[in-house]
Amino acid sequence: MLVRLTKLSCPAYQWFHALKIKKCLPLCAPRCSSTSAVPQITTHYTIHPREKDKRWEGVNMERFAEEADVVIVGAGPAGLSAAIRLKQLAAEQEKDIRVCLVEKAAQIGAHTLSGACLDPAAFKELFPDWKEKGAPLNTPVTEDRFAILTEKHRIPVPILPGLPMNNHGNYIVRLGHLVSWMGEQAEALGVEVYPGYAAAEVLYHEDGSVKGIATNDVGIQKDGAPKTTFERGLELHAKVTIFAEGCHGHLAKQFYKKFDLRASCDAQTYGIGLKELWVIDEKKWKPGRVDHTVGWPLDRHTYGGSFLYHLNEGEPLVAVGFVVGLDYQNPYLSPFREFQRWKHHPSIRPTLEGGKRIAYGARALNEGGLQSIPKLTFPGGLLIGCSPGFMNVPKIKGTHTAMKSGSLAAEAIFKQLTSENLQSKTAGLHVTEYEDNLKQSWVWKELHAVRNIRPSCHGILGVYGGMIYTGIFYWILRGMEPWTLKHKGSDSEQLKPAKDCTPIEYPKPDGQISFDLLSSVALSGTNHEHDQPAHLTLKDDSIPVNRNLSIYDGPEQRFCPAGVYEFVPLEQGDGFRLQINAQNCVHCKTCDIKDPSQNINWVVPEGGGGPAYNGM
């Protein structure tokens, strides 16, 4: 049975809008029972199947289904670029192609977070008339600075022409606003954009090719029972499904092994990026200034750095942020607290003094570069943007490459869909030309040139060894060296036992420059329907205490930038239990990446939940 998916008639859409007007429930709520020595956390139905649960007997499990030519998962820069380019080509050649785009955020851009200093190359290719259309590129870079920080001093480092971190010609943007604007352009071209729809499942044809996706169900109690308002998710079928989920996509995890996409690449390595927006004293405001630093407060073996961007947005606004590589080894390290400590540096604090923090957020990012890019195409689908990971790490940019990958995917798909001799060995189209075209583009050339810079930081000199490598080999050879360095394995394998590491004493936040975690999360606008199954699931409820806490001193309580994970005393008897405050989750994916036991599995909550970023 096929039912037309519309914003006005769809029951799931009506339910989603009903959720949006509910009052926010308390941020922290226990997720464990105290009736057992090893408490059981209420887990998702993917772990406890409904067909074995008597409470689901007699519930109508029929799903509405829709047919499209192309379905896109994720309305970020890559997904929107693909949608827009498809519709541009369809208009140019007078073809009728149905493109549906689903986004888990309540509004387009509400889950988007980046620095962001934009290389406009791909954006200008997509929108040659971007100025006439009023695109929100308001702040061209006017000053570009880089420095090494010690605890008390700032050592300037010249940015020579040709080095990857040069920002001449770039724009400082609020990426969420740019994505929102792109969403408007997509809808004007005829793309069907559906915010508040969380893609939860990959669907397959009988021959194993991708058939499309299904959005998640709504109206389920946190104990897994159906509510009276239960609505089944929606199926979206397509000839080609584009996965543009962003870093560490939860759907991509489902088919990486199925299609063996990582057989010929290194493990991906990640960073966690934390960001705040501040309104500062106008006398300190330098619109167009870009500052990047490495060094303090991180040691040389912990990859990371900072940014401070002055935006020209009608008020004295600055974006400050801190990135920590998730291959760090000390389980006592807290990326959030390192960020708060960094703001007290003598070269940073004066800019923020007297100002007001107005927003906070966090998101994981890919740092593996060329060596970690998986196979990009498979029968019925393909990967674009930050999902496979096209970030140019030394350039500290990935939006431009993500956009270009989306455009190239659209062009290859359009060519195959409109071919008069369309042939496919599988029910879902296998668009292999996309990967071939990407490898011939400036994206691949750019990533190949800088491929050795990030892994060069793994040596005995750490980050400083990477800087030396950049200054010698990249400066001379421009990426033409006849070797390719390898990454050292998955980030989840890098933590040392707590007994082998020195605890880190972090200063107490002063409430003016540095802040506590929960007051920070409150500025992210994060909210989830409280009475729903936990979307942060555990494969084994005993592992957090018996392994992570006993060996690594519970690193999840520190690597999470939203206070989701806490070890609290058992209500009865001695010992601790893991409490999951799922309401706090900002969808950064750090837990799914860094958990040393790989016991945490992040799945989508009900559509519309999560952060509500405004131009982050």
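Note that Cβ sites are derived from N, Cα and C of the backbone, with glycine treated the same way.
Note that this is a predicted model, so its numbers are computed, not measured.
Per Swiss-Prot, transit peptide is recorded for 1-32.
Ala78 (FAD binding site) counts 33 other C-beta atoms within 10 Å of its own C-beta, drawing on all protein chains shown. What Swiss-Prot lists as FAD binding site is 70-84.
Under a cutoff of 8 A between CB atoms, and with a sequence separation of 6+ in the same chain, the neighbours of Lys95 (N6-acetyllysine) are Leu89, Phe414, Thr418. The annotation N6-acetyllysine is assigned in Swiss-Prot to Lys95 (among others).
Summarising the annotation, Swiss-Prot assigns intramembrane segment to 108-129 (among others) and lists similarity to another entry as the type of evidence.
In the three-state DSSP assignment, the secondary structure recorded for Lys131 (N6-acetyllysine) is helix. Same-chain residues at least 6 positions away in sequence with a Cβ under 8 Å from that of Lys131 (N6-acetyllysine) are not found in this chain. Among the features that Swiss-Prot reports, N6-acetyllysine is placed at Lys131 (among others), with the record citing similarity to another entry.
If you look up Swiss-Prot, you'll see Lys222 (among others) marked as N6-acetyllysine, on the strength of similarity to another entry.
Annotation for Gly304 (ubiquinone binding site): same-chain Cβ neighbours under 8 Å, separated by at least 6 residues, are Gly271, Val294, Leu298, Phe322, Val323, Val324, Gly325, Glu338, Val463. Under the heading ubiquinone binding site, Swiss-Prot lists Gly304, Gly305.
Per Swiss-Prot, the feature N6-acetyllysine maps to Lys356 (among others); the stated evidence is similarity to another entry. For Lys356 (N6-acetyllysine), the number of other Cβ atoms no farther than 10 Å from its own Cβ, over all displayed protein chains, is 10. Secondary structure at Lys356 (N6-acetyllysine), taken from DSSP and collapsed to helix, strand or coil, is strand.
DSSP assigns Lys415 (N6-acetyllysine) to a helix. Per Swiss-Prot, N6-acetyllysine is recorded for Lys415 (among others).
The feature intramembrane segment is assigned by Swiss-Prot to 427-446 (among others), with similarity to another entry given as support.
Secondary structure at Ser550 (phosphoserine), as computed by DSSP, is helix. Its Cβ taken as reference, Ser550 (phosphoserine) is surrounded by 12 other Cβ atoms within 10 Å in the chains shown. What Swiss-Prot lists as phosphoserine is Ser550.
The [4Fe-4S] cluster binding site annotation in Swiss-Prot covers Cys560, Cys585, Cys588, Cys591, and the record cites sequence analysis as its basis. Counting only same-chain residues at least 6 apart in sequence, those with a Cβ under 8 Å from the Cβ of Cys585 ([4Fe-4S] cluster binding site) are Thr526, His528, His535, Leu536, Ala562, Val564, Pro605, Gly610. According to its DSSP assignment, Cys585 ([4Fe-4S] cluster binding site) is coil.
Residues annotated as domain '4Fe-4S ferredoxin-type' in Swiss-Prot, with sequence analysis given as evidence: 576-605. Cβ atoms under 8 Å from those of the domain '4Fe-4S ferredoxin-type' (576-605) belong to residues 25-32, 34, 39, 41, 44, 46, 104, 111, 198-200, 216, 247-248, 250, 270, 272, 326, 331, 335, 361-364, 491-493, 495, 518, 521, 524, 526-530, 532, 534-540, 543-545, 547-549, 551-552, 554-556, 559-570, 611 of the same chain, restricted to positions at least 6 beyond its ends.
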Rank aside, I only need the closest one: which of the recorded positions Lys356, Cys588, Cys591 has its C-alpha nearest to that of Val70 (FAD binding site)? Cys588
CB within-chain contacts under 8 A for Gly305 (ubiquinone binding site), separation at least 6: His292, Thr293, Val294, Phe322, Val323, Ile396
The domain '4Fe-4S ferredoxin-type' (576-605) resolves under DSSP into 8 helix, 8 strand, 14 coil
Centre the Cβ atoms of Cys560, Cys585, Cys588, Cys591, go out 8 Å, and tell me which other residues of that chain have a Cβ in range of the [4Fe-4S] cluster site. Ala362, Leu536, Pro561, Ala562, Val564, Tyr565, Val586, His587, Lys589, Thr590, Trp602
For the intramembrane segment (427-446), could you work out the same-chain residues 6 or more beyond its ends whose Cβ comes under 8 Å from its Cβ atoms? 121, 205-207, 209-211, 239-241, 370, 375-382, 390, 392, 395, 401, 404-405, 408-409, 411-413, 415-417
Which chain-mates of Cys588 ([4Fe-4S] cluster binding site) that are at least 6 residues away have a CB under 8 A from its CB, listed by sequence? Ile272, Ala362, Arg363, Ala364, Pro561, Ala562
Tertiary neighbours of Gly76 (FAD binding site) (same chain, Cβ under 8 Å, six or more apart): Thr112, Val179, Ala244, Gly246, Gly385, Cys386, Ala402
